[in-house]
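> Below is the structure I would like to discuss, written out as structure tokens.
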């Protein structure tokens with residue numbers, strides 16, 4: 001839609017696939033990145049490079065969860081139910097009455113049991129009528145809730161199928177492995193960037209580098225070229241203004257007051273957004289106790305929409321508050337990004353704290369449900385025994401899994417909330433692009449001919465492509481994936497679909513509806529500012545998950561850790577039953593808290609020593625560089641003197 005007519009030609013240039021890319025999906029993303037680069041230069045392309053990198057990280061996480069958790073639970077070697085009962089049909093599962101059809105099919109299947117074989121794998125009888133409705137599935141209830149998408153579906157048997165696959169152990173180790181891999185890949189990218197940056201003084205020949213290396217030769221749009229020219233000129237103006245501003249006395253008291261006022265408004269906005277989210281979560285808990293048929297669309301999606309709308313409008317308020325502070329443009333941009341990051345992270349943590357209240361309520365509810373189930377089992381056994389005459393024996397009593405009472409599964413509830421948040425955020429982003437970018441571009445494009453002023457260069461003009469805001473949205477969404485993937489193994493796969501569709505949709509918006517951003521802030525992996533934010537949100541996202549794993553008891557009748565006091569007890573169970581006693585004893589000694597604390601202290605001291613050594617080597621490199629410069633100047637002066645002496649000797653000879 002922008003004014004130039006080169007969009008179609010630029011898109012066709014970016015269309016062909018990149019050579020030497022094996023993965024088809026990465027090839028498509030690289031294609032979009034080339035199109036954006038040819039249209040807007042490397043600044044916009046850096047966002048798509050960052051998106052492709054995030055796509056690769058999520059692909060590894062999805063491969064781990066799909067191959068080691070979802071596939072073993074769902075893969076079956078035989079279809080249907082066996083014709084005659086298993087010889088172990090009399091065994092009970094967790095104290096409840098079992099049947100040949102509902103429990104003892106382990107030897108008939110490759111790995112996991114099918115849908116309908118266990119209560120945790122079956123929709124309750126009261127929900128069967130609406131289990132396949134679109135509204136129910138869109139809310140990830142019904143058939144979606146009782147599937148491999150969520151934690152509660154998985155079996156708690158130590159080994160499943162005739163292959164004796166250890167599903168609970170695999171589930172726990174894959175969850176820890178995903179967290180460890182994420183830390184490893186982010187830290188590796190940051191250290192690689194530090195190594196690429198190298199040492200030395202960045203201010204050496206600063207203006208010369210700006211003059212001769214500032215141009216972006218990948219720009220293929222005249223409008224982008226004009227913006228780049230203005231950006232380079234602005235850099236020189238800023239440098240000159242900074243020199244002059246250092247010599248000008250300002251009203252420092254007024255500046256401090258305005259900055260205090262701006263930060264006061266920022267804190268009010270952050271506090272108000274946190275209160276709104278807490279209030280929305282409490283209302284959603286009240287709505288959950290009501291009949292879903294009596295609730296409207298807004299009541300069902302209120303909490304997700306509140307979080308999405310706050311993330312959309314609060315950054316605009318922060319941008320207005322920044323006008324009061326009168327910071328340097330780059331400093332103001334970093335403050336803005338930091339405030340947006342604090343907003344998103346604060347909203348996420350308020351959401352988690354509100355969820356913790358709901359989790360505690362469900363844990364208390366489980367105690368009552370467990371007692372009721374015990375009473376129900378006793379009554380069923382009593383009625384069954386009364387139906388037998390004398391000493392006669394009958395077939396095992398059959399209770400369909402859909403009719404078995406069950407307790408609330410707080411792990412599935414947490415996974416559902418994060419899946420809903422992810423889907424809601426995606427839909428909000430796409431609707432915003434369609435309405436805020438596409439319709440606005442259509443209005444500017446076609447109404448400019450009959451309007452009173454120039455809509456393209458005046459108000460409202462075309463929407464700028466917000467590089468920093470889009471990257472922060474990627475980081476925030478990835479934090480939700482890390483936080484919720486332990487309770488919803490399907491989240492990395494959903495995020496891959498989101499990233500894949502987002503690449504095409506946003507690339508189309510960039511080529512058709514957007515103009516380059518006036519302020520350039522590169523967002524590729526070579527910028528450790530964004531990677532530092534990604535590392536911080538990774539750390540803060542995994543803390544609640546680790547707390548839940550260590551401190552909260554798992555639900556008693558759903559998920560792979562049901563029947564245990566804590567989720568991590570699966571490690572001790574494996575050590576006792578699968579390892580020799582001497583090896584289990586050694587591993588227990590290695591996990592002693594005193595030894596762990598000592599190892600952590602040694603690691604901290606080692607990191608401090610290596611950091612100090614690196615700083616010393618960097619300082620030594622700077623000193624050596626200064627000496628080399630001084631030596632070069634001395635050699636230059638010596639050569640000049642020798643040349644002058646030769647010239648004087650030649651003149652005297654004549």
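Positions of Cβ are set from backbone N, Cα and C atoms, glycine also.
For reference, TrEMBL lists these features for the protein:
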{"type": "TRANSMEM", "residues": "53-71", "note": "transmembrane segment"}
{"type": "TRANSMEM", "residues": "167-187", "note": "transmembrane segment"}
{"type": "TRANSMEM", "residues": "260-281", "note": "transmembrane segment"}
{"type": "TRANSMEM", "residues": "336-356", "note": "transmembrane segment"}
{"type": "DOMAIN", "residues": "409-524", "note": "domain 'TMC'"}
{"type": "TRANSMEM", "residues": "529-550", "note": "transmembrane segment"}
{"type": "TRANSMEM", "residues": "590-610", "note": "transmembrane segment"}
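For each feature listed, report its degree of burial, its nearest neighbours and the pertinent distances within the displayed model.
Residues 23, 25-26, 29, 111, 148, 154, 167, 170-171, 174, 177-178, 181-182, 185, 189, 474, 478, 481, 485, 489-490, 492-493, 495-496, 499-500, 503, 525 of the same chain sit 6 or more residues outside the transmembrane segment (53-71) yet have a Cβ under 8 Å from a Cβ within it.
Long-range neighbours of the transmembrane segment (167-187) within the same chain, counting only residues 6 or more positions beyond its ends whose Cβ lies under 8 Å from a Cβ of the stretch, are 57, 60-61, 64-65, 68-69, 72-73, 111-112, 154-160, 482, 485-486, 492, 531, 534-535, 538, 542, 545, 549, 560-561, 567-568, 570-571, 574.
Note on the transmembrane segment (336-356): residues 266, 269-270, 273-274, 277-278, 281-282, 307, 310-311, 314-315, 318-319, 322, 414, 417, 421, 468-469, 472, 475-476, 479-480, 483, 529, 533, 537, 540-541, 544 of its chain, located 6 or more positions outside it, place their CB under 8 angstroms from a CB of the stretch.
Beyond the ends of the transmembrane segment (529-550), by six or more residues, the same chain brings 50, 175, 179, 182-183, 186-187, 189-190, 193, 334, 337, 341, 345, 348-349, 352, 359, 414, 471-472, 475-476, 478-480, 482-483, 486, 523, 566-568 to within a C-beta distance below 8 angstroms of the stretch.
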> For the domain 'TMC' (409-524), jot down how many residues DSSP puts in helix, in strand and in coil.
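Split by secondary structure, the domain 'TMC' (409-524) comes out as 81 helix, 4 strand, 31 coil.
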